[in-house]
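J.: Input: one structure, supplied below.
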Amino acid sequence: MEGVLSYNNQEHHHQEQQQQPKIKKNKNIKLGLLLLNCLLLSVGQVGGPLLLRLYYLHGGQRKWLTSWLQTAAFPILLIPLFASWSNKSRSQSSTNSNPSSTKQKFLLNPKLFIASAILGTLIGLDSFLFALGLSYLPVSTSALLMATQLAFTSVFALLLVKQKFTPYSINSVVLLTLGSIILGLHTSGDRPVGVSNGQYFLGFFMTLGAAALLGFILPSVEFAYAKACKVITYDLVIQMQFLVSMFATLLCTIAMIINKDFQAISREAKEYGLGEAKYYMVLIGAAILMQSMLVGNLGVIFCSTSLFSGVLLALLLPVQQIFAIIFFNEKFNAEKGMSLALSFWGFASYFYGEYKQTKKNNKLIISMTTHQHQEFPNVV
């Protein structure tokens with residue numbers, strides 16, 4: 001009997017050893033995807049709004065055009081899609097496996113298709129609110145207001161995906177929200193030249209509305225993944241990103257046609273303060289960077305959670321502010337400094353809480369494993 005138990009134990013241990021490299025490889029792949037999407041999100045979040053603001057500063061006036069630019073570069077996503085399909089086809093040919101296993105290229109089911117259409121429409125509206133706000137606000141003020149999306153993300157994450165909160169994450173949300181309130185109460189010296197008080201406060205509340213809508217969209221993406229009734233792979237996420245961006249662009253395209261924005265582009269280019277060539281360079285650059293931000297955002301949610309995506313967006317705030325001060329000579333007054341300090345405090349609180357929670361989870365796993373070995377010594 002002991003020999004049988006020993007043999008079973010050895011066999012199970014051998015299987016576990018074979019599985020460990022595969023598990024480690026999967027973890028490394030997911031970590032790599034997370035880092036890649038964090039990079040895409042960071043580059044887009046910092047550079048995209050700066051180029052959109054540059055468009056407005058030198059004579060650009062089309063709000064729906066800048067809304068359209070935020071998702072119009074979605075055909076870029078065909079590159080990773082075709083690369084993935086090509087790689088799978090080569091693998092199929094080399095292994096001579098069942099062809100039917102790789103024939104399915106379009107992975108979205110009806111639920112995810114409808115979710116993509118709804119999310120795309122919401123992102124199109126959010127893009128317009130953000131573009132309208134940015135046309136009247138400095139980049140630094142707009143960025144600080146957009147940081148409030150973390151508070152909205154937290155609330156909707158709790159309601160939609162039952163996100164678990166710790167005292168540290170709650171403290172982080174409160175501090176970031178308080179920082180934005182301070183900014184909102186002290187705006188007298190922050191109004192750009194040529195912008196009236198009415199326009200400034202319109203931009204203020206439109207940007208706040210964009211933050212609230214973004215706070216709803218991020219957990220909604222995570223909710224759509226959870227309710228998809230199928231395994232969520234990165235190929236499927238890319239396809240969903242393509243559809244989301246396509247529907248958002250479609251909404252903005254219809255609005256541009258109604259508003260006659262396409263006819264105005266050539267006229268605006270000729271009158272642009274930096275010259276016609278740089279006008280088109282600004283538009284193309286903004287489109288690529290804003291698409292990078294959207295792709296990175298949805299990818300981070302796939303690899304982690306919507307709350308982490310919201311925290312990362314807020315974490316990029318100081319970098320965006322520094323670049324706005326350097327390139328646009330924007331003011332950095334005491335209120336912005338206080339708001340920024342509260343933001344740093346909020347970030348530190350969130351990440352310290354995550355560190356403690358991870359440490360606690362690791363201890364719990366070790367404790368459970370040790371207990372199993374003690375209770376069942378012949379079973380690994």
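Glycine is treated like the rest: Cβ placed from N, Cα and C.
No curator has checked TrEMBL annotations; they are predicted automatically.
Relevant sequence annotations retrieved from TrEMBL are reproduced here:
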REGION    1-22  region 'Disordered'
TRANSMEM  31-52  transmembrane segment
TRANSMEM  64-83  transmembrane segment
TRANSMEM  112-137  transmembrane segment
TRANSMEM  143-161  transmembrane segment
TRANSMEM  168-188  transmembrane segment
TRANSMEM  200-224  transmembrane segment
TRANSMEM  236-259  transmembrane segment
TRANSMEM  279-300  transmembrane segment
TRANSMEM  307-328  transmembrane segment
TRANSMEM  334-353  transmembrane segment
J.: Ranking 64-83, 112-137, 143-161, 236-259, 279-300 by the number of C-beta pairs under 8 Å to the transmembrane segment (307-328), which range is first?
T.: 143-161
J.: Please check if the transmembrane segment (64-83) comes into contact with the transmembrane segment (236-259), where contact means 3 or more CB pairs closer than 8 Å and the residues in each pair are separated by 6 or more positions.
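T.: Judged by the Cβ rule, the two regions touch, with the required three close pairs present.
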